[in-house]
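Notes to accompany the following structure.
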Amino acid sequence: MGEFIAPWNLLQLALISVYPMYMSFFRIANGMSLLALYVDLLIVCVPVLFIQMKLGGYHQKGIVGLFSQHVPIAKGIGVALLIDLFLTCVYLAPLICHVGLYAMLSMVEKPYVWGTCSNEWNSNQCFDHETTTESVPAFIGPQGRQSDARLPEQEFFDYSYLQEIPYISNITEFPVWHFSEAFQKINFSLAPIALLVTWLLVFLFIAFGPRVCGWILFLLGPASLGLLFAVMGYGYKNLDPNHTGNFLKRFYKLDFTGFVDPKANPSVIDDWINGFNLLMFGLPVWTAIPVSIGKWVGKGRISRNVNWLVVIFVYACIVQVPQLAMAPYLGNLLETKNVAIFTETMFKGFKVVFHSMPAAFAVLKVPPVYAMLFYLSMFISGVMFLCIAVMTIVDNIVDSLTSRYARFTDRRCCTTFVTSFLLILLLMGLGVLHMSKVGIYLIVLMDQSVVRLRFIIVILLAISLILVYVKQTFSIGERVIISIWCGLASISAAGLWIYNFQQTINNKVSYNNYYLLDVWVLISWIISAIPYIAIPAAVLHSCMSYDGSCDEKVHYLMCGSDEDERQQDYDGYYPAPEPTAPPYTYMDNNEYLYPMNNLSKNNYDAEMEPLNTNLRHTNM
C-alpha cells in the first residue's frame, strides 16, 4: 500500500514552505512595501496557486505533462518555465554558496576577519569603526564627502573575498584567500570547491525522488527557522531595545499621503513595487514549482483543496522573520555609527547581507557563533529552494521519459537518479564561472536578465492555466469565479512587471560603479530571450509528433488528446493489469484446445491458476 501514498503530506508541506525565506534576507521591506506585499499576496497569488496546485494534484502531472495532455499548443510555455527555473538556479547557487562560505569565515578568527581597516587590501577610503564621526571627512577620498567612505566589511567582501577586478577579462581566474593563517597554507582557490559541495548536497537530497527529498526538507525547514530564532533571541535580549524599536518604527511607518497626492510622497510607488518584487522573487507563483508541489502533496480531496492555503499562510508568517531577526543588529549599528555611510542602499541586495550585517556583528561585538548561525540559516533556506527547483525540473523530465518510453517506467528511481546527476553536472559547469573574480558581475547580469521579460510568461501562463482549468469537472461556479480571478490577477501582475521593465530598460548592468560593455548588454538580452525560444519549438514538436490530417492536428493542439491515459500511482508506476484467464474454449476446427469440462471445483489445484501480481505462491 506504500506506493499509493503521496510523497508529501500537508504537515511536511507546511514546514517545507519556509524555503522562500531566503529572499527576505536580501530585500528589507518597509511598512508600505509590506502592505503592498500582503495585498498582492491575496489578490495576485491566491487564484494562481489554487489552480496550479489543484491541477497538479488532481492529474498527478508536472507543468509540461499537464499542458501536453490538455493544451499541447501551450506545452512550450511549460518548457519555458523550466528553462527560466534552470537559469535562476545557475546564478542563485553561487550566491547561496557565498552565504555558506561566510558562515565558515565568521568562525575563522576572533575578532572577525572583516572588522578592521589595517589590512593590505584596504584603501584610503576605509572607514574604521573606531573612528569618530567628525574625523571621517579627513581621509575619505577625493570627493571629500562622508558618503564616499567605505566600510571595512565592504572592502573585505570586494577586495579580499571576491578579489574583484574592474573589468571582465579572464573569467577563469578564481580568488585565492590569504586573510587568515588557516587560508595562507592553502595555495588554491576554495570557491569552486565550495560550489561543488553545495551542488553535491542538493544532489544527495533529490537523487532518490520527491519522497526522500520531502523528508529531508521536512527536517531542514525547522532547522533554518530555529537557527534564525536563536540569532533573533540574542539580539532582542542583549542589544539596546530602544535602538531596535526606533529602527522598526522607522521601517514600518505607513504614509498614505502618496495615494492622495503623489508629490507629497513620491516614494509610495517605489515602495509598492519593492513589496511586489519581494513577493514575486520570494514566492515562486509564476514558475513551474506550484504544479509539481501540488503533484507531490497528492490527489486526495482535502490535500488538493487545502495545499495552496498552507503555502499562502506559511509565507505570510515567515516573510518578515529575517527582517525582525536583523532589526536589533541594524538598529543598534545605526545608532552606534550614525553616519552618512549607512545610507538606505546599505539595506538592499548584497549589501545588507555582506556589508551591513557583518559590520553589525563586528561593531556590536556579537559572539561569532551567532554570525555563523545567521548565515547558516540563510544557507539552509537557499539550499531548500535549490532542491525544490531542481527536483521540479527533474520530475518533469522523468515524467516525459516514462510517458514516451516504456523501458523507463519500471526504472523510474534509476531514471530520476541519473537525470538528477546530469542536470546538476550541467548546473555546476555553468555556475562555476560565477565563483571567479568576475563572478559577481555575472551574477548581477543573470539576475537582471532572467526576469526582464517576465511579463510575457505571466500572461501566457495565465491563459494556458485557465484553458486547462475550465475543461475540468469541478464545480461550475468554482471554475467561473477562479478563472475570472486568475485572469484579473495575471493582468495586475503583468502590469507591474511591465512597469518594472519600463523603469529598468535603460539601466546598464553594473556593480560598484563598473558598467559592463555593450557586448555584455547584448548577451543579457539573449539570456532574457532564451526561455521563449522553447514556445514555438514545442508547438512544432507537438504538431510533428501527432499523426493525422491538418484539421486533426489543429484540434489536437488546441484540445489535447481524447484518449484516456493509463493511470499512474504516486510513484509514477503503472498499476499491474487485472488478472485474467483464458476464455472457456478456444475453437479450432470445432475442437477444444483447452478442454475444461472434466474439471470441477472439488478438484481445484492452485497450480492451474495463472501467476500474476496478486498470486505468487506455488505448491511445488
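Every residue, even glycine, has its Cβ placed from backbone N, Cα and C.
All TrEMBL annotations are machine predictions without curation.
Not measured: the values here are computed from a predicted model.
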Mind checking which of Cys97, Cys117 has the disulfide with Cys126 in TrEMBL?
Cys117
Can you tell me which recorded stretch out of 76-105, 215-236, 372-394, 414-433, 482-499 has the most Cβ pairs within less than 8 Å of the transmembrane segment (453-470)?
482-499
Considering only Cβ pairs under 8 Å, which range in 35-55, 186-208, 482-499, 519-540 makes the most contacts with the transmembrane segment (306-325)?
35-55
Quick one: do the transmembrane segment (76-105) and the transmembrane segment (215-236) have at least 3 Cβ pairs under 8 Å, skipping pairs fewer than 6 apart in sequence?
no
Mapped onto three states, the DSSP assignment of Cys126 (disulfide bond) reads strand
Applying the under-8 angstroms CB criterion, which one of 35-55, 186-208, 215-236 scores highest with the transmembrane segment (7-29)?
215-236
So which residues does the transmembrane segment (35-55) touch in its own chain, when a touch means Cβ under 8 Å and the partner is 6 or more beyond its ends?
29, 63, 66, 254, 271-276, 278-279, 283, 285-286, 290-291, 293-294, 297, 304-305, 307-308, 311-312, 315-316, 319, 462, 465-466, 468-469, 472, 482, 485-486, 489-490, 492-493
So if I draw a 10 Å sphere around the Cβ of Cys117 (disulfide bond), how many other Cβ atoms end up inside it?
21
Grab the same-chain neighbours of the transmembrane segment (372-394) for me: Cβ-Cβ under 8 Å, and only residues 6 or more beyond its ends, written as numbers and ranges.
16, 18-22, 25, 62, 82, 85-86, 88-89, 92-93, 95-96, 99-100, 102-104, 106-107, 198, 201-202, 205-206, 210, 213, 216-217, 220-221, 223-225, 227-228, 230-231, 284, 287-289, 292-293, 322, 325, 353, 357, 416, 419-420, 423-424, 427
